[in-house]
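Novice: I have a structure here, written as structure tokens, and I will follow up with some questions on it.
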Amino acid sequence: MHIARKLGFYLVALWAAVTLNFFIPRALPGSPVDAVLAKLALRGPVDPGTRHAIEVMLGADDQGSIIEQYFQYLGNLLRGDLGTTVTYFPAPVTEVIGQALPWTLVLVGLSTCVTFLLGVGLGTVAGWRRGTWLDSLIPATTILQSVPYFWLALLFVYAFAVNLRLFPISGGYDVTLVRPALDYPFLSNAVYYAFLPALTIVLSSLGGWLLGMRNMMVSTLSEDYILTAEAKGLSPRRIMLTYAARNAVLPSVSGFAISLGFVVSGSIVVESVFSYPGIGYTMLQAVNNNDYALMQGLFLIITVAVLGANLVVDLLYGVIDPRTRARG
Amino acid sequence: MTTKPNTAAMAVSAQRRRLPRFLTPTLMVGGGIVVLITLFGLIAPFFVADPNAVDNMGMQPPSAQHWLGTTQTGQDVLAQLAWATRGSLTVGIIVAVMALFLSAFFGILGGYLGGWLDEAFSLFTNVVLILPGLPLMIVIGSYVEQRGLILIAVVLAITSWAAAARVLRSQTLSIRGRDYVQASKIAGERPWRIIAVEILPNLLPVMSSSFVFALVSAILGEAGLSFIGLGVVGTHTWGSMLFYAQNGQALTLGGWWWFVPPGAMIAALGGGLSLINFSIDGIINPRLRTAPAAARTARHAQKEAAAA
């Protein structure tokens, strides 16, 4: 029952995203066709027939009612047809996304896991040692959290890439040295290029995890069962990990949704600083080229990825915290 | 989830909570930073040169004439920073107010009225919460050519109210069941009066905390959007300064005075506001304030016992 309810919620969220994606272009002024025409007009006079050609290309020529268009759009989605890009013409949107997706998945996925483990671990210690000098570190982490992702990225590029020349300025791998393949030279090169973007994401999202975990630890440690555990003479280590941290980590896990959206948004801007060949950078290319089909396809993929990750965390949460299953 | 502190403890902390207790060092430092930045945004634009004036002294490091140097096209960075501070703060405040209203509407009303309305409202809230904000802003922003201040503010507000609404709803649910609310219901008070007089005052700490949070996230969101080039057209903000700095090769030409100040301002304001939020957190959840002190006392006592 609990799982069915969860699945239902994610289906509604997915439907909302798809519907938004359909209605935003139709509700707002400005049409993709006009945008492409305006771009062509910069290069010279536009033949009247061009308009129709572009409409056909972008799929804007059908004159059916908005309901018909909606169902046609849903049908296209189900067949995996997201349209054709303008930026990488004539590649289909799905192909472009397919190339960009692995970069972002690995970068954001790994750095989120590292941040979570690091933040929760440090938060546990900071909460356990409440009332010591560690408390004064807490405001410092919140300041780190309010540093904009992309500004931190700019600083890193300036310090480590431009001045110290320790890391590359931009890109996902060295195109002159290696080719994408699953071998050691490429992977090591990719890790080298991913280091600064990943460091940016880890540092700027660490504060939230740390603070949340620390505050929950402080609250949990004043519970009566902690006192009981201490009175029983259990080792401090066991109390910290099995009694306090295990309970204190629950809100952090359930807060995954909000933080993941935050990280994904942050990574879009970070990718633009590093010209990292992932989803975010592709999205900016789409924005700069008025490539609406690609933009909407990317929005959909990002949303599906965020929803999917949250669904997994939600289902895991039921395993971690039996109370939610009993209640549902 | 945290258990509710018992009423006796709350009464004690309410007695202690007189004015001097409020003025913790954290609050003073945070408030000081925020006030300084606000004053800078309010007053400085009147005294600086034209931020758009182009000069052939491009990419000059800080000097007596240009305190923060110049951009690639010779514009004064300090002048731009002053106007950008005003712009960013304006956007932030508008968005935070709108987000506060939206979250109060969906959170408090849903939480208080309950039933199918609550179900619908919280479903809506959770869906908005889970949809990634920035990609949505990018999609909306790229469709509109004439991006005015209001449009950007509305877009930012739409994507940033949901978390606060969820917190407000759960708080309202817990207050709704208390005896004095039940009593005023039985006394025949109208629902809007119960919400305004009985429930709202108890939500003020939570609301002010989420207002501060909304302010931070609005300024960060606006900066991100402007940095991509989708911000308010023709207005200086911290994000747009960074956008021009990156496009003007400030990084590779070594123009640190161009891209460091705007980001530092965002970080300082965000940090100051977080410090304020920190003290509000301490008021809402007294354990965060008292527990570290209690632990310290216990540790001292143990040490003294060991020494004796």
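Counting begins at 1 with the first residue displayed.
Keep in mind that glycine also has a Cβ here, set from the backbone N, Cα and C atoms.
Annotated domain 'ABC transmembrane type-1' per TrEMBL: A:101-313, in sequence order. The transmembrane segment feature in TrEMBL is assigned to A:7-24, A:103-128, A:149-170, A:190-211, A:248-274, A:294-320.
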Novice: Under an 8 Å Cβ to Cβ limit, what residues of the same chain, 6 or more beyond the ends of the transmembrane segment (A:294-320), are close to it?
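Specialist: Same-chain contacts beyond the ends: 2-3, 6-7, 10, 13-14, 17-18, 21, 24-25, 77, 82-83, 85-88, 93-94, 96-97, 101, 105, 250, 253-254, 256-257, 260-261, 264, 279, 282-283, 285-287, 328.
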Novice: Under an 8 Å Cβ to Cβ limit, what residues of the same chain, 6 or more beyond the ends of the transmembrane segment (A:7-24), are close to it?
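Specialist: For the transmembrane segment (A:7-24), the list is 69-70, 73-74, 77, 296, 299-300, 303-304, 307, 310-311.
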Novice: Please give the sequence-distant neighbours of the transmembrane segment (A:103-128): residues at least 6 beyond its ends with Cβ less than 8 Å from one of its Cβ atoms.
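Specialist: Contacts with the transmembrane segment (A:103-128): 134-135, 137-138, 172, 194, 197-198, 201-202, 205-218, 220-221, 240-241, 244-245, 248-249, 252, 260, 263-264, 267, 271, 276-280, 305.
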